[in-house]
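Peer 1: Pulled these features from TrEMBL for this protein:
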BINDING   8-10, 34-35, 56-58, 61-65, 132-135, F139, R142  4-CDP-2-C-methyl-D-erythritol 2-phosphate binding site
BINDING   D8, H10, H42  divalent metal cation binding site
DOMAIN    1-154  domain '2-C-methyl-D-erythritol 2,4-cyclodiphosphate synthase'
SITE      H34  site 'Transition state stabilizer'
SITE      T133  site 'Transition state stabilizer'
Amino acid sequence: MKVGIGFDVHQFAENRKLIMGGVEIAYESGLLGHSDADVLVHAIMDAILGALGKGDIGKHFPDTDEKYRGISSILLLEHVWQLVKDEGYTMGNLDCIIIAQKPKMSPHIESMREMLAKSCGCAVQQINVKATTTEQLGFTGREEGIAAQAIVLLQKA
Ligand SMILES: Nc1ccn([C@@H]2O[C@H](COP(=O)(O)O)[C@@H](O)[C@H]2O)c(=O)n1
Ligand SMILES: C[C@@]1(CO)OP(=O)(O)OP(=O)(O)OC[C@H]1O
């Protein structure tokens, strides 16, 4: 078995789509990034790469490379998941948390789980997505951005 953790933060920006766990959420602003800035998927990829001992997303997908501009992070996750398969591992379970004052994530959680399970070739039941506010405290509480954390357990296939 291999375990890994991931964490990421992106700031809010106007005229950007809000993509979370591969799901587009209708909201007044989105997140800024070189990619689609899907902060949840970024934390998940870092957790997976950590479990594999293969660095982080900045190493695999540098933000200086134009080919990643505006790219769907779900596509990047599918690439990372191929590395898992190449190493002979499969999903044990993935747990993650979105730290956001707004918007409300709960209506979108099931769609996110389905997207993530599809990308990682596993059952929805192996993926858990949670959300919390920080009770108006800190940068997330001031609605300056969104953070996400993830932990993954990989098992030998
Ligand atoms: N952006 C968010 C934040 C929270 N939720 C849901 O609300 C519950 C209560 O959050 P607290 O921060 O007040 O503890 C939380 O457990 C989530 O179910 C959400 O959907 N979106
Ligand atoms: C995903 C990448 C690559 O497009 O870009 P961003 O969307 O800026 O995300 P970040 O978490 O800052 O770092 C990884 C990047 O290399």
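Including glycine, each Cβ sits where the backbone N, Cα and C put it.
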Peer 1: Between D8 (4-CDP-2-C-methyl-D-erythritol 2-phosphate binding site) and H42 (divalent metal cation binding site), how far is it from one CA atom to the other, in Å?
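Peer 2: With distance taken Cα to Cα, H42 (divalent metal cation binding site) is 6 Å from D8 (4-CDP-2-C-methyl-D-erythritol 2-phosphate binding site).
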Peer 1: Going by Cα-Cα distance, pick out whichever of the recorded positions H10, H42, T133 is nearest to P62 (4-CDP-2-C-methyl-D-erythritol 2-phosphate binding site).
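Peer 2: That would be H42, the closest of H10, H42, T133 to P62 (4-CDP-2-C-methyl-D-erythritol 2-phosphate binding site).
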Peer 1: Those recorded positions, H10, D65, T133, T134, R142: which ones have a Cβ sitting under 6 Å from ligand 2?
Peer 2: none
Peer 1: Listing them in sequence order, which of the recorded positions H34, I57, D65, T133, R142 have their Cα within 10 Å of that of H42 (divalent metal cation binding site)?
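Peer 2: Checking Cα-Cα distances against H42 (divalent metal cation binding site), the recorded positions within 10 Å turn out to be I57.
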Peer 1: For H10 (divalent metal cation binding site), list the number of other Cβ atoms lying within 10 Å of its Cβ atom.
Peer 2: 22
Peer 1: May I ask which of the recorded positions D8, H34, T133, R142 have a CB within less than 6 Å of any atom of ligand 1, listed in sequence order?
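Peer 2: List returned for ligand 1: T133.
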Peer 1: Taking the recorded divalent metal cation site as D8, H10, H42, identify the other residues of that chain whose CB atom sits within 8 Å of the mean position of the site's CB atoms, giving them in sequence order.
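Peer 2: Output for this site, in sequence order: V9, L31, G33, A37, D38, V39, L40, V41, A43, A147, A148.
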